[in-house]
Amino acid sequence: MRPPSRACPGGAARGAAPRVETPCRDPPGGGAMNTDQLVSVLAFDDTPPRPISPRVMGMSGLWLLAAAAIALLILGVRDDLLQAMTAPVTAMKWLLPLGIAIPALLAAIALSRPVTWRVPILWMALAVGMGAVLWLLLSIMGTPADQLMPDMWGNSRFVCLTAIVGISILPLGTALWVLQDGASPAPGLSGACTGLAVGGFAAAVYALHCNEDEPLFFLIWYSLGILIVAALGAIAGRSLLRW
């Protein structure tokens, strides 16, 4: 004999007209809903979500443009910018950061969905980073010993780091604030990808001013600035993007 269904609270009072009681349904497996069940419920929820991608790009992009304008008003733009952008070596001051920033941004947006655990496009950013590391090692081996430290240290490393991090702060905070409307399964990774993206764009902005064109300089200090912003994004993302 099948046991009677458990009635939901709020059934008919004693003496009142009888009414049909609907049984309460517990989550599959009984007990409280666990994380996997919650993810499944959210994944199959047909409520139209607020689009995250255009808001991340739009709002963060506006703050990035504002920060870039202020930075370039203070620092200035290099006089030979067009010549530098067409030279193969110095063009890498823009191509490498953007090659990391664009895939990282797409990965951060993809990770805002709860069913997304793998982001293959992130491998593109990692491949660009590994290429930069290989170029750095080859540059170290090919530079005379007496020229190595001057080329590595340059004359504006502190300005470089300060500018990249400073340009990134408001766009990074805005992007993380918008991404809170998502449901990332990996908050730390989402924050790190967001930081990589913002830091890469900020480095490309700073390159409009920087006239230190030795690969040893920009491969080290641009990379360090981007990694600092990525670390800030990872730390903030673990708290802000948790759900």
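Keep in mind that glycine also has a Cβ here, set from the backbone N, Cα and C atoms.
Where the annotation comes from TrEMBL, it is an automatic prediction and has not been curated.
According to TrEMBL, the feature region 'Disordered' maps to 1-30.
Among the features that TrEMBL reports, compositional bias 'Low complexity' is placed at 1-19.
Look at TrEMBL and you will find 56-74 (among others) tagged as transmembrane segment.
The transmembrane segment feature in TrEMBL is assigned to 94-112 (among others).
Same-chain residues lying 6+ beyond the ends of the transmembrane segment (119-138) with a Cβ under 8 Å from its Cβ atoms: 96, 99-101, 103-104, 106-107, 110-111, 193, 196, 215-216, 219-220, 223. Among the features that TrEMBL reports, transmembrane segment is placed at 119-138 (among others).
Tertiary proximity for the transmembrane segment (158-179) is limited to same-chain residues at least six positions away from its ends with a CB under 8 Å from its CB atoms, namely 52, 55-56, 59-61, 63-64, 66-68, 71, 75, 108, 112, 190-191, 194-195, 197-199, 201-203, 205-206, 209-210, 212, 221-222, 224-226, 228-229, 232-233, 236-237, 240-241. Per TrEMBL, the feature transmembrane segment maps to 158-179 (among others).
Taken from TrEMBL, the feature transmembrane segment applies to 186-208 (among others). Sequence-remote contacts of a segment are chain residues at least 6 beyond its ends whose Cβ falls under 8 Å from one of its Cβ atoms, and for the transmembrane segment (186-208) they are 60, 64, 67-68, 71-72, 75, 77-78, 81, 93-94, 97-102, 104-105, 107-108, 111-112, 117, 119, 122, 125, 160, 163-165, 167-168, 171-172, 175-176, 179, 218, 222, 225-243.
Look at TrEMBL and you will find 220-241 (among others) tagged as transmembrane segment.
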